[in-house]
Amino acid sequence: MGIQPSPVLLASLGVGLLTLLGLALGTYLVRRSRRPQVTLQDPDEKYLLRLLDKTTVSHNTRRFRFALPTAHHILGLPVGKHVYLSARIDGSLVIRPYTPVTSDEDQGYVDLVIKVYLKGVHPKFPEGGKMSQYLDSLKIGDMVEFRGPSGLLSYAGKGNFNIQPNKKSPPELRVAKKLGMIAGGTGITPMLQLIRAILKVPEDPTQCFLLFANQTERDIILREDLEELQAQYPNRFKLWFTLDSPPEDWTYSKGFVTADMIQEHLPAPAEDVLLLLCGPPPMVQLACHPNLDKLGYSQKMRFTY
């Protein structure tokens with residue numbers, strides 16, 4: 001007849017097992033409670049966010065801070081994606097895409113840097129920008145509709161880009177060791193999002209090259225952020241500017257984006273090179289693409305936001 005374990009021993013083992021299970025469950029629940037909650041749960045849903053703060057960045061640019069549902073929420077926006085803001089303005093529904101300058105490391109709020117296009121300033125756009133003027137008119141506490149994540153590109157890290165040819169197509173993997181970027185005006189925001197995401201990871205080998213076009217020196221938004229990153233990561237991030245109307249002491253390029261500028265300041269065409277474009281349609285269609293064609297960049301090497 002075998003030795004039977006005593007009831008006391010069995011009870012002790014049971015208590016010990018329950019204690020371990022309780023500790024494991026407690027640890028899981030604590031970790032789960034500390035995990036930030038995601039705001040953008042469904043890309044087809046609209047989320048009302050409250051305006052927290054509005055600050056002046058430059059003569060025509062504002063930084064808008066919106067509150068997320070709680071102080072422990074993150075926006076939930078993958079790198080490379082953007083959001084849509086929608087509002088009914090003068091009886092019409094207006095929808096515009098924006099890329100935040102904050103990331104999912106920031107909890108409780110999301111920041112947008114937006115250039116305000118006022119009425120009567122630009123002869124080609126006498127009414128100005130509907131959405132930017134609407135946002136500028138908001139009072140602290142007003143609500144705005146956000147929707148996302150949206151976009152055909154996302155960054156998975158270490159040079160891995162998932163790019164959809166169109167909305168209905170599955171993403172295709174594109175691996176780049178060198179990332180060239182041409183931005184115009186507020187087209188800098190998706191570029192800055194990517195640059196920050198790449199540079200903050202020491203193991204990410206991707207090199208970034210940015211050509212940033214603006215009309216005047218005071219139109220350069222987020223310049224301090226860019227120059228700080230360049231100084232901090234001189235071997236991983238190269239920065240160059242061009243202005244339509246530069247001051248006399250300007251040491252960068254002058255005029256529209258040219259083939260020479262691209263050749264001098266961006267990586268040459270290669271299988272491991274990806275070029276991203278974001279800016280006013282005339283700049284992208286009339287200055288960038290024809291010059292990229294001339295220099296031998298294939299369509300596979302380019303992505304236009």
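Each residue, glycine too, has its Cβ placed from N, Cα and C.
According to Swiss-Prot, the features are:
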TRANSMEM  8-28  transmembrane segment
DOMAIN    44-156  domain 'FAD-binding FR-type'
BINDING   136-166, 175-210  FAD binding site
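Taking the features listed in Swiss-Prot, we show where each one sits on the structure.
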| residue | record | DSSP class |
| --- | --- | --- |
| D136 | FAD binding site | helix |
| E145 | FAD binding site | strand |
| S154 | FAD binding site | strand |
| I163 | FAD binding site | strand |
| G180 | FAD binding site | strand |
| T189 | FAD binding site | helix |
| I198 | FAD binding site | helix |
| Q207 | FAD binding site | strand |
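When pLDDT is averaged over the domain 'FAD-binding FR-type' (44-156), the result is 96. Residue density at Q207 (FAD binding site): 19 other Cβ atoms are found within 10 A of its Cβ, drawing on all protein chains shown. Around the Cβ of D136 (FAD binding site), the same chain contributes K54, R62, V116, each under 8 angstroms and 6 or more positions distant in sequence. For I163 (FAD binding site), the Cβ neighbour count at a 10 Å cut-off comes to 18, with all displayed protein chains included.
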